[in-house]
Amino acid sequence: MVGEYPKFPQFSRSEISEQLVPEIRHWALTNGLVMYPPNPNFVQGAVAPTTLYPTPFPRQSFDQAISVQTLYNGLYAKIAQDQDGWLSKEIESLAEFDPEFTGRLWNLYVQAKEKGISQKLALGVFRSDYLLDVGNLEVKQVEFNTVSVSFGGLSTRVGQLHKFLNDSGRYSGGSGRPFYREEIPVSDSAFLLAKSLADAAHHFQASNDTTIVAFVVQKGERNVFDQRILEYNLFEHFGIKSVRLTIHEVNTKTFVDPDTSRIYYKPSGEEISVVYFRAGYSPSDFVEEQDWQNRLTLETSYAIKAPNLLTQLAGAKKIQQLLTDESILQCFISDASARRKLGSSFVKIHPMDNSEAGLSARKLALKSPERFVLKPQREGGGNNIYKGDIPAFLRSIPEQDWSGYILMELIKPKPTTENFVVKADQFAQEPILSELGIFGYVLFDESTIYLNEYAGWLLRSKSSSSDEGGVAAGFGCVDSVVLY
Ligand code: ADP
Ligand code: MG
Ligand code: MG
């Protein structure tokens, strides 16, 4: 049962601009709900794009998404354990169609295996993303991210912001009472994602008392504050220090003991227990040959990788497509009711290869493109081809390359029309669509899963006129929920 759709507060534009928006800016700047602006002025941060109000979300759908998270964590851990070499086989053939990235990562993995992988433990820090299917109020999975999942830090902050605006009476004008009687939930992701790194560090067999966590980040990252929130939580709650370095800096800022494969941070000499990747998910993160070499160095080091190469590769969109096939899912999940639960979050995803199913999907893509989004094996937003653009795109590339794509049915959530998007220098009321992300983490080796945990949630909203949704990519904003 879903409750009544919550009412939004009603303010005039001048009230919003004179009262609420300044509140948001002060709160955001004070509490780190910030991001560097697109045209980087690295002296000043800017308020991260947010919504003015939390967006209504059905409680049962929210709970459904949370309830499948540990099933997904376990599923992807099993895949990354490479049971019967299934993942290796799939990635190896996918590598052929995407030599610039999937191929290069696969190649690194093969080299790492030859050199010897000294650390058997791996940490998966995941985020499963969903859109709400308005037909049956089920959440449907957009994608499963296994590398560099972001916004766990800012999600907590935007929830705190909305809760403050509500509980302090800002949303009810003069009355001073909360506008929403129900509590505004705040995602625990900032704490729980830090805990995932701490848990991994605690399982690490250190040569010394103290170890540090290395955050591997992109040069010029705009979303640094989201990452910093995790670093500060890691130190405050778990007493674990962290350092930040780019892939390019690995060979100058770290050294590996050739006898033990243990890796140390040069400036302090401290051992790195966990390498947490917030970079390395896109080919542009590797500029020089040395950068690929550095990724390999990290992979073969004794530090626990979050994620290791196989776990990252398990997040390929091709793997997501294959898992919608019941006979494949069955190989990883024997429990039929667990399979049903996962299956209720799937939409149809077709291969685009030259199998029988792929050949009919190729026809479908050309004939009814309006129903689909075409996805390459890429992360980070801005890579997909939508609807009417699909046929011309397909015709523009060699037909043998089509196999590197998947064709996914579009999920059609209902836009929310009454919320506002607040950006650093403007705010506007526009219809928005919201994407719910659920975080989770799993610590495992080739045969055992040691930890499998839910780790908070994230709501991102974007203008319904844009197909894409990334916040850092400039398409969306961070949001929170009012459940009904
Ligand atoms: P990325 O790894 O680049 O984030 P996604 O698969 O998440 O790729 O796609 C990017 C965006 O495209 C999503 O955030 C969502 O807004 C939109 N999108 C992706 N798949 C679908 C779908 N099946 N239905 C509707 N929108 C989608
Ligand atoms: Mg992704
Ligand atoms: Mg995405």
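Cβ from N, Cα, C; glycine included.
Record check: TrEMBL places Glu143, Asn145 at the Mg(2+) site, and the matching candidate among Glu379, Glu399, Glu409 is Glu379. The shortest Cα-Cα distance from Ser150 (substrate binding site) to any of the binding-site residues (Pro376, Glu379, Leu410, Lys462) is found for Glu379. The Cβ neighbour count for Ala279 (substrate binding site), using a 10 Å radius over every protein chain in view, is 22.
Counting every protein chain shown, the Cβ of Ser148 (substrate binding site) has 25 other Cβ atoms within 10 Å.
DSSP gives Gly382 (ATP binding site) a coil state; it is part of no helix or strand. A 10 Å radius around the C-alpha of Glu379 (Mg(2+) binding site) takes in these binding-site residues out of Arg222, Gln227, Tyr281, Tyr386, Lys462, in sequence order: Tyr281. Glu143 are the binding-site residues among Glu143, Gln227, Ala279, Gly382, Lys462 whose C-beta comes within less than 6 Å of an atom of ligand 3, given in sequence order. In the vicinity of ligand 1, defined as a Cβ distance under 6 Å, the following of the binding-site residues Glu143, Ser150, Arg222, Glu379, Gly382, Leu410 are placed: Glu143, Glu379, Leu410. In this structure, the binding-site residues under consideration are Arg222, Lys462, and the one with the smallest number of other Cβ atoms within 10 Å of its Cβ is Arg222.
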